[in-house]
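Visitor: My structure is below; once you've seen it, I'll send some questions.
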Amino acid sequence: MTPIDAKRPLQLNDQGQLRHFLSLDGLPRELLTEILDTADSFLEVGARAVKKVPLLRGKTVCNVFFENSTRTRTTFELAAQRLSADVISLNVSTSSTSKGETLFDTLRNLEAMAADMFVVRHSDSGAAHFIAEHVCPDVAVINGGDGRHAHPTQGMLDMLTIRRHKGSFENLSVAIVGDILHSRVARSDMLALKALGCPDIRVIGPKTLIPIGIEQYGVKVYTDLAEGLKDVDVVIMLRLQRERMAGGLLPSEGEFYRLFGLTTARLAGAKPDAIVMHPGPINRGVEIESAVADGKHSVILNQVTYGIAVRMAVLSMAMSGQNAQRQFDQENAQ
């Protein structure tokens with residue numbers, strides 16, 4: 001467990017309910033299942049003529065993105081709006097911090113807006129934990145991705161995608177392929193799969209993109225794609241982070257695709273009903289060929305749909321946990 005993850009109890013209130021959502025590390029299986037079940041119940045909201053429920057009416061959700069991500073920000077906005085919350089979205093990367101304002105100063109200014117919840121995305125690992133530790137007690141903090149550390153809502157939407165297509169996790173073989181080293185998605189997926197009882201978790205990639213000691217997550221390591229994909233039920237492709245290419249970790253994108261790109265021929269080594277996932281954005285012809293990304297095995301667009309429901313679940317559960325903690329504190333202060 002890393003020092004960041006050692007702060008995990010911060011996420012729960014005194015009744016064991018979700019209060020912040022910062023990492024999947026150490027969260028009990030029952031809580032992860034509750035998130036998935038709640039998300040399942042929210043899926044039908046998206047099919048309604050009026051796509052709203054009043055659970056967060058009168059609450060303000062502030063999306064604070066120190067790092068750009070149109071997809072994640074948009075799905076959090078939709079999730080909050082469908083819960084009837086008021087939504088503020090700030091691209092802090094182009095505002096105060098670029099003028100020298102510290103994270104702590106930014107936090108204090110955001111608190112002055114009297115928001116009830118912050119969704120935070122930051123390039124530094126641990127940023128969401130820092131904010132959760134220092135924000136006023138009534139505010140919930142959701143991690144929208146922090147450095148290489150965690151992307152817990154992506155992890156849970158991946159789990160919902162798998163569960164809706166494959167049912168139980170107990171008999172599944174899941175392969176995570178690509179840039180494991182820099183991927184917060186890979187870390188969150190590995191933690192969630194292990195907690196939910198998946199017995200066979202594989203990571204596949206070049207040696208230079210696989211972290212030392214990754215076996216502690218309970219995974220099997222493969223550096224040969226064909227061997228790693230043999231008879232798997234689920235293939236999760238990761239974005240090759242091109243900004244890392246300058247570090248000499250890969251000779252070229254073409255070489256990566258030649259050895260680790262998912263093609264129709266290579267996918268044939270997986271089970272006939274295998275599903276293919278990708279957190280996006282996709283680099284076609286680098287991680288995956290278009291015939292696979294758009295083919296019958298792909299559930300990539302389903303992931304986007306399920307992501308809104310998962311984020312609705314997390315927002316509503318965290319707000320409920322904050323309310324319960326506030327009531328608990330008031331009763332015990334009397």
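Cβ coordinates are placed from backbone N, Cα and C, and glycine is handled just like the others.
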Visitor: According to Swiss-Prot, R71, T72, H151, Q154, G280, P281 bind carbamoyl phosphate; which one of R48, R57, R121, R258 is listed for that same site?
Guide: R121
Visitor: About how far apart, in whole Å, are the alpha carbons (Cα) of H151 (carbamoyl phosphate binding site) and R184 (L-aspartate binding site)?
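Guide: That comes out at 6 Å between the alpha carbons.
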Visitor: By a 10 A CB contact count over all chains shown, which of the binding-site residues listed here is most packed: R121, R239?
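Guide: Answer by Cβ density within 10 Å: R121.
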Visitor: Excluding R71, T72, R121, H151, Q154, G280, P281, which residues of the same chain place their Cβ within 8 Å of the centroid of the Cβ atoms of the recorded carbamoyl phosphate site?
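Guide: Neighbours found: S69, G144, G145, V185, P279.
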Visitor: Taking only the Cα atoms, work out how far R239 (L-aspartate binding site) lies from P281 (carbamoyl phosphate binding site), in Å, as a whole number.
Guide: 7
Visitor: Could you give the Cα-Cα distance between R121 (carbamoyl phosphate binding site) and R184 (L-aspartate binding site), in whole Å?
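Guide: Rounded to the nearest whole number, the Cα-Cα distance is 12 Å.
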Visitor: Of all the binding-site residues here, G280, P281, which one's CB has the most other CB atoms within 10 A?
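Guide: By the 10 Å Cβ neighbour count, G280 comes out on top.
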